[in-house]
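Sharing the features that TrEMBL gives for it:
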type: TRANSMEM; residues: 24-46; note: transmembrane segment
type: TRANSMEM; residues: 67-94; note: transmembrane segment
type: TRANSMEM; residues: 106-126; note: transmembrane segment
type: TRANSMEM; residues: 138-158; note: transmembrane segment
type: TRANSMEM; residues: 188-207; note: transmembrane segment
type: TRANSMEM; residues: 228-249; note: transmembrane segment
type: TRANSMEM; residues: 279-302; note: transmembrane segment
type: TRANSMEM; residues: 360-381; note: transmembrane segment
type: TRANSMEM; residues: 387-406; note: transmembrane segment
type: TRANSMEM; residues: 427-448; note: transmembrane segment
type: TRANSMEM; residues: 460-483; note: transmembrane segment
Amino acid sequence: MVGTGIFTTPAQIIASTNSVGATLLLWALGGIVTLAGLYVFIELGTALPRSGGPLVYLPRIFRRPRYLATCIFAVQFVLFATSASSAVSFAANILQAGPVDRSGSYASNGLAIAIVTAVCLIHAFLPRHGVELSNVLGVVKLGFLLAISVAGFVALGGRSNTPPPGNFDIFDGPGTVEMADALQGTPGSAAGFAVAVLHVLYSFSGWQSANYVLGEVRRPKRTLFKAVPIAVGLVVVLYMLTNVAYFAALSKNDIALTGIDQRSVAAAFFEAVVGDGSFVQIGVPILLATSALGNVFAQVFAMARVKQEIAKEGLLPWSIFWAREEPFPATFWSVSRHWVDRLAFLFRNWTTRPSPARAILLHWIITVVIILASTAADGALYVSVTFFYAESWVSLFLAAGLLSTFRHRNIEWLLDPVTEKSVFYKAPTLVVVFWALSLVFAVSAYFVPFRQFPTSAIPWYVVPTVGTGLLLVGAAYWLLWAAARNRFGFYLRDRTLNHDGVVVTEHIRIEKRAERVEMIHSVGRIRRGHEIWTSL
């Protein structure tokens with residue numbers, strides 16, 4: 001959840017609102033929207049505590065046409081859920097901390113690909129250590145936010161290297177933002193506020209990652225219900241304190257200009273508080289790179305597992321290949337038992353923690369393609385924002401589906417599919433309504449003609465057009481994958497792989513003979529001999 005957005009997006013937000021008070025209120029609103037969505041996902045996760053997130057929830061809510069909602073989610077997640085933006089951010093900050101700033105060059109892309117490759121190898125072959133490293137990096141990120149918050153209180157006390165900007169003397173703060181030409185709009189206008197809200201919501205994105213990997217969590221219902229709200233609430237509070245710290249040391253225009261100068265707000269903040277020095281020039285970029293690296297670790301861990309679940313549904317070409325779980329020791333043993341014996345101290349407990357190595361490979365391939373194809377400076381960032389936009393559509397579908405069936409949620413939805421007992425949490429209907437309205441705003445506000453990133457040459461309409469187009473691409477894929485193939489006699493069945501017990505849905509062609517096939521229209525199944533064949 002904590003990436004580099006909190007250290008950079010405040011520039012675009014204040015440039016869009018031109019008001020200190022309004023900016024802080026928007027951050028508070030973003031936190032409320034995030035918590036509302038979190039409690040909706042707690043209901044979904046406690047009802048279906050399995051890995052996959054929306055991949056598991058959509059078929060339960062939208063049962064007809066079968067697999068349509070699943071295909072729509074699968075297309076946008078496989079193609080746009082990547083680690084490219086975080087890897088590029090890591091590379092840019094590392095190079096900025098070096099003696100020669102080579103950010104934006106071939107060196108940046110090369111370093112980004114190298115770090116993604118290293119993280120994918122760690123998660124594939126050292127899954128236990130990959131989780132431990134991710135936890136350590138998470139602690140570092142929270143520590144950095146806490147340090148900024150403490151430094152902000154120091155600046156409020158008058159102990160700063162620069163005169164206090166007086167941003168809290170009046171609601172809007174003194175002065176004005178002089179960036180109208182760069183933003184292609186008027187700061188403080190309705191369009192500016194719409195874009196500011198989108199930046200806030202994007203900065204909070206990632207809170208639903210726990211639902212992606214519930215199958216990896218011990219006591220998933222208890223963890224989701226108690227630990228996740230505490231963690232997200234802590235991040236919301238730190239985000240608010242971080243923004244207060246920024247305004248305690250920097251003027252509105254100083255914050256906004258960091259977006260034009262391609263500089264982080266955090267670096268400008270520490271320069272104002274402690275002065276320009278090695279910490280600002282080297283230490284802050286390294287900390288920002290560490291934050292981005294933590295995001296890469298978390299994204300590879302969560303996104304690869306969702307893509308494995310998509311493969312298990314049979315939605316990908318060569319799904320059986322991508323769906324296999326390959327515990328590395330078993331594979332490596334067959335290649336070189338000698339080296340396994342020599343490095344046995346590294347392999348303890350590996351066999352009890354399988355790794356979706358092939359799904360990680362798929363995630364690596366798509367991420368590298370995005371990095372190499374991003375010729376524009378903000379190309380990878382726009383891919384990330386497009387995924388956030390498409391994800392907002394999926395979340396809106398989930399919220400609308402829950403609202404459309406709220407009368408039956410106590411009877412159907414809240415029954416555990418295994419134990420057939422009612423789960424212990426139900427999100428209040430008003431919370432679901434508020435979240436749904438927030439998502440309606442999010443998916444519609446992107447069509448406001450207002451440049452989101454002042455230094456980018458990518459037109460404003462790219463994100464909403466591509467993000468909405470992914471829904472149509474998913475529907476077209478469903479027609480080809482499901483409906484069209486069904487016409488030629490292909491049906492779905494569950495196949496259990498003997499290698500590691502993974503259950504994969506696959507297409508197989510059968511002969512529809514009347515004496516051997518019985519159509520059961522009420523549940524949409526075909527019975528053939530002693531096997532159950534599932535029809536679309």
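Using N, Cα and C of the backbone, Cβ positions are placed for all residues, glycine too.
Tell me about the surroundings of these features in the structure.
Same-chain residues lying 6 or more positions outside the transmembrane segment (138-158) and placing a CB less than 8 Å from one of its CB atoms are 2, 6, 164, 234-235, 238-239, 241-242, 244-246, 248-249, 266, 269-270, 272-274, 287, 290-291, 294, 298.
Here the transmembrane segment (228-249) has long-range neighbours at 1-2, 6, 10, 20, 23-24, 27-28, 31, 34-35, 38-39, 42, 142, 145-146, 148-149, 151-153, 155-156, 160, 162, 164-165, 167-168, 173, 203-204, 207, 210, 255, 265, 269, 272-273, meaning same-chain residues at least 6 beyond its ends whose C-beta is under 8 angstroms from one of its own.
Within its own chain, the transmembrane segment (279-302) has Cβ neighbours under 8 Å at 2-4, 7, 81-83, 86-87, 89-90, 93-94, 96-97, 115-116, 119-120, 122-123, 130-131, 133-134, 137-138, 140-141, 144, 206, 209, 212-213, 264, 266-267, 270-271, 360, 363, counting only residues six or more beyond its boundaries.
Sequence-distant contacts of the transmembrane segment (360-381) (same chain, at least 6 residues past either end, Cβ-Cβ under 8 Å): 78-79, 82-85, 87-88, 104, 109, 112-113, 116-117, 120, 123-124, 300, 303-304, 307, 311, 316, 322, 453, 455-458.
Long-range contacts of the transmembrane segment (387-406) within the same chain: residues 37, 40, 43-44, 54, 57-58, 61-62, 69, 72-73, 76-77, 80-82, 201-202, 205, 208, 412-413, 427, 429, 432-433, 435-436, 439-440, 442-443, 446, 463-464, 467-468, 470-471, each at least 6 residues beyond the stretch ends and with a Cβ under 8 Å from a Cβ of the stretch.
Tertiary proximity for the transmembrane segment (427-448) is limited to same-chain residues at least six positions away from its ends with a CB under 8 Å from its CB atoms, namely 33, 36-37, 39-40, 42-43, 191, 194-195, 197-198, 201, 389, 392-393, 395-396, 399-400, 402-403, 406, 460-461, 463-464, 467-468.
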Does the transmembrane segment (188-207) come close to the transmembrane segment (24-46), meaning at least 3 CB pairs under 8 Å for residues 6 or more apart?
yes
What else in the chain is close to the transmembrane segment (67-94), if you only count residues 6 or more beyond its ends and a Cβ gap under 8 Å?
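Sequence-distant neighbours of the transmembrane segment (67-94): 3-4, 54-55, 58-59, 61, 103-104, 107-113, 115-116, 119, 264, 285-286, 288-289, 292-293, 295-296, 299-300, 303, 306-307, 310, 313, 315-316, 362-363, 366-367, 370-371, 374, 380-381, 383-384, 386-387, 390-391, 394, 397, 467, 470-471, 473-475, 477-478, 481-482, 536.
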